[in-house]
Every structure is written in structure tokens, then in C-alpha cells.
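Features of the protein shown, as given by TrEMBL:
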TRANSMEM  B:42-60  transmembrane segment
TRANSMEM  B:95-118  transmembrane segment
TRANSMEM  B:125-142  transmembrane segment
TRANSMEM  B:183-200  transmembrane segment
TRANSMEM  B:234-251  transmembrane segment
TRANSMEM  B:257-276  transmembrane segment
TRANSMEM  B:283-301  transmembrane segment
TRANSMEM  B:307-331  transmembrane segment
Amino acid sequence: MTTLLETRGLKKHFGGAHVINGIDFRIDAGEIRCVIGPNGAGKSTFFKLITGEHRPSEGSVMFLGQDMSHVLPHERIRMGMSIKFQIPGVFPDLSVRQHLQLSLHRAKDDRPESLDELLQRFMLENEEHVLARNLSHGKKQWLEIAMAVSLRPKLLFLDEPVAGMSVEETHATGELIKRLSAAGLTMMVVEHDMTFVKQIASRVTVLHGGSLLADGPLDEILARDDVAEVYLGKKK
Amino acid sequence: MKQTKEPSRLSPASATTRAAHYVPWLVALTLPLVVDATTSGNLAYCLLWAFGAVGLAAMWGYGGILSFGQTAFFGLAGYSYGIFTLNYGDAWFDSWLGLGAGLVVSIVAAALIGYMIFYGRIKGVFIGIVTLSVTLVLETFMSQTAGPQWAIGEARLNGYNGMGGMPPLTVPWPGGPLTLENASFYYLVLILLIVVYAAMRKLLDGTFGLTLIAIRENPQRAEMLGVDIRRHQLLVFVLGCALGGLSGALYTIWGSYITPSTMGLTSAAMPVIWVATSGRKSIGGTILGTALLVWLSQNLAVYGSQYALILLGAILLIVVLAAPEGLLPFVARHLRRMQGRAGQDAPRGGACLKREEGKS
């Protein structure tokens, strides 16, 4: 298996607060990896260290074997990372079509059929000319995932992709992610919703108190007592 | 194919609206035929300010960069034209080289200042403060250059009295060079304006414009598309400042004169007022609005320049409160609504709708 992403002894502290305490982590090509953990586990900080929004205090993030310490966020995207933030980061005054035009242009793919295909795959055909400000929350999430996917990344990061979605939208998003995975896309998903995690993940990583508590196949991890204790707040 | 949906947008009313965009240009082309030479020269004066306003509209309306520094590049280009032509003579090619020199100086200065701003991660209102400081520093510096020691070659800077005596633009002509003045200067400005308008529409209606809007609305998300936001901001800043420089050089050519007050506080506020009033997201609206506001100011200035300023301030206040997208987009939107074809998704500014129509 080709290793796409690896962190070695990753640490982050803000003043005296140690938020990430030395995480060794790896994602291989073809995986859907879910990173889970209770509130305050350090998931968001870990995500931001990987995407370049935060600089590590110690340790390193390696992508495709290259140290990312001094690689700017936009350069990471050009190298093959793609990111969907937790809060939908769309451009309110642009239409759905213009969003996809822009992201396809960044991917150097200006073919109209690519745009039509994206609209169809992400269930946005009827919103093509709608301004992003007028989209429902779920559609904004899909639009953002569509933009991230259109960049043809080697590794797609999704930070809570179903936050604020209805049950139906959550399920549809899960199916969408499975289809993307079947097409060969590697993904790292930070998520709270365990129903969704069970729907999509083959392997999970559990963070707790800024450290890696467990890492492995979904069923094995969920069967562990220590995971149940930190995640559900009780012993099994 | 989704394109099949779009021809429905090309209704007769839409074609009429599109044809209406050409009316101001046609009127502008015929004006010198119906007015005297002096009026043509005055009309050229009204139009030449539009370049800097268009530059600010691109920066502010599209890129979200509010600069008070258009006048700094206006002044730099104007003084550069004077220094070049007063030193190298008034042959036809010298005058055009002088215009080129003015543009080059404003581009280089904009690149340096822009690099410090954007690569120094200066954002938001602080860009306005830095650019305003630049123009005020230049004004203050030029104001104290009255002594004879302040000369570059043959060109005396002359402090607050201003630099004068620059040659006009000339073109080679059988029987001797032809001086561009009054109607011929008006047509030069108009042709340049048409070229700038077409080029800016092409640029801003394309992916460069989309990228600027994306940066304006959500820079972090734009960065996650692989966009180097600093580079794009620097590019639009330099482009906008170069257009400010073009206004400055043409102004100096028009009057053979430039003073430090063209870089002062009142002057620095003018482009912001013109663009905010006209509609910062509409290039055509900015040109038309700026020309009309300058014309209005000129006519009111006959009764005292303070009246023009008071009226401009009042207009700006009303526009900000009643039509924050700008007067012309506001009027255009209501006209479209009256035509019964208000889009179910009309954007606040005109730019997005125009762009979508442009693609259809």
C-alpha cells in the first residue's frame, strides 16, 4: 500500500495548553479513515495541523513522502490535498455553476461535461443557477464536497461533512462518499455522528486528550472498553 | 447539456437591455460632433478620471480591497510625465514615451507597495489606512519641493505651485505633428476607455474575476482551491493602480499642469465616492457614474468648489443608505423588475448576473 499521509510525533501547544501530544498516524491509498473522539479530543487541531492552518510545535506532517512543515496551504492543495471545512465555506454571491466553474478551472479542466457530471453526482442539477447564499445547509455541504472533489485530489479531507444535515441527507452523503471511495479516492473524515461513521468507515482512529487512543478496523475499535469509556463516557 | 436551459434567458427584453449598454458609448462617440471644441476638451476631462475609478472598482468591487491610494499613483504618473517630457523634449514620440514612463512608474510603485501590503498579510480596513498614508505622504513631500534645489534635470517640482509647461500628446501627421487637444484628445481618451472597458469586462467576467470574488467573500476557502490569494490581490492592485496612473498622466497632459493637491485628502476620497455611488461591482456603471459625477462637480464648482463637495457627500450618504450596491445597479435592477423579468435569484450587485448572462 502506498502511504499518502503520515504524521510523526506531532505536537501542538498554545501557550501552556498542550492540545496535541505526539501523534503518529498514517493513511494509505484507497482508505476511508474516520477520525473520531469526544469534544476536546483535539480532532479539529489535528485536522488544522495536517491542512496547514496551524504549524506543528514539534513533529512533522509528511504527504507523499514530503515534509509539509513549510508548505503553504494553497501549495498543499496543488500537491493533491483537498479540504472541506466543517462550516460550509461557499461564496454567497456566486451561483452553484460559478463555484464549479472556478474549482474546475483550478483543476485545469474547463470541459462543460465535467461541470454537468459534477452537478449530477452531487445532486445539484436543479440549483445550477442558484446563488450559494440561497442554498439549504445540506446542499451547501454537497457543493463544497463537489468543489473539493473536482480538484481531483489524491487525498480528500472532510471535516464533519454531515454536520447540520437531516437523516436523509446524512444517508445520501454517506452513499456519495462510498461511491467516491469505490472510484479510488482516499479520504480522511473527522466526524461525530457514529451512525454515519459506521456507514462509511472501514478503519477508524480515536483521539482522546490530544493523543491517539486507538487505531484499527471499525468493529475491533468499537468493541474496545477504553474507547467506549472515553467516547460514551461509561464502561461497557 | 445544461446549456439548453440558458437560451430562455435571451428574451427580447434581455436583448433590449444588452443593446442599451451600447447607448452611452454611441452618445459619447457623437458628442464632439454637436458641441464646440472647448466643451469637447471639458468632456475629455470628465472621462479621464474614469480609468482610476475602474481600477478601484476592480480592486474593491471584485477583490474587496478598499484603497484610498488611487491618487498616489495618479500623482506619480502625472509628475513622471512632466519630468520625462520636460527633460526629453516635445517631439511626438517623447510625449508618448512620457505617457509610458508615467505608467511604468505607477506600476513599479504599486508592485512595491502592494507586495508589502499583501505579502505582509495586511488586511481589511488597514489596507485603506496604508494606502491613504502613502498618498498623504506623497502630497506632503511634494508640497515642500518649492525650492530650486528640487529639480530633476530641467523639471522643477515647484512645491504647492505645481509643475507646469508639459507638452501635449502629438501624433505624426503630413505637414507637421498633430497636437491632440479638445475633440482629438477627447477621442483618444474615449478610445482608451473603450479598450479598458472591454479588457476589464473580459478579465473580470472570466475566471480571474470569479477568483477575485471568491477571495473577497471567503479567502480561506479560496485558498483551499489552491488559489494563491496574495498573488491575485497583488495583481488586481497593480492593475487598478496602473489605471489610476493612466488617469494621472492623461490629467497632466490635458492641463499641462499637476499639483500636490491631486494627491491630497479630498482628492483621495473622490474615487471612493464615485465608485461607491456608481456601483463598485459594475465596470460600465462606474465609468458612466464617474463621468456624470465629475461633470456635475465641474458645473457646481462654478459657484464654489465647496458646493460640489457638499452635494457629492449628500449623494454618497443617500446611496449608502438607500442603494448600497450603487446607484446605477440599483436603477438597472428596478428597471429589470419593472420589465417583469426580475430573476428569481437576482444578486445584490450587478456583476454576478451580468456574468451569468455573459456565459449564456
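Cβ from N, Cα, C; glycine included.
TrEMBL entries are annotated by machine, without manual review.
A contact links the transmembrane segment (B:183-200) to the transmembrane segment (B:283-301), because at least 3 Cβ pairs that are 6 or more residues apart lie under 8 A. Through the fold, the transmembrane segment (B:234-251) approaches residues 45, 48-56, 58-59, 62-63, 65, 67, 69-78, 80-81, 98-99, 102-103, 105-107, 109-111, 114-115, 117-119, 189, 192, 196, 212, 258, 262, 271 of its own chain, all at least 6 residues removed from its boundaries and within a Cβ separation under 8 Å. Using a cut-off of 8 Å between Cβ atoms, the transmembrane segment (B:42-60) and the transmembrane segment (B:283-301) share at least three residue pairs, counting only pairs 6 or more apart in sequence.
Distant neighbours of the transmembrane segment (B:257-276): 49, 52-53, 56-57, 60-61, 66, 68-72, 74-75, 78-79, 82, 132, 135-136, 138-140, 142-143, 159-164, 166, 244, 248, 251, 286, 289-290, 293-294, 309, 312-313, 315-316, 319-320, 326; these residues of the same chain sit at least 6 beyond its ends, with a Cβ under 8 Å from one of its Cβ atoms.
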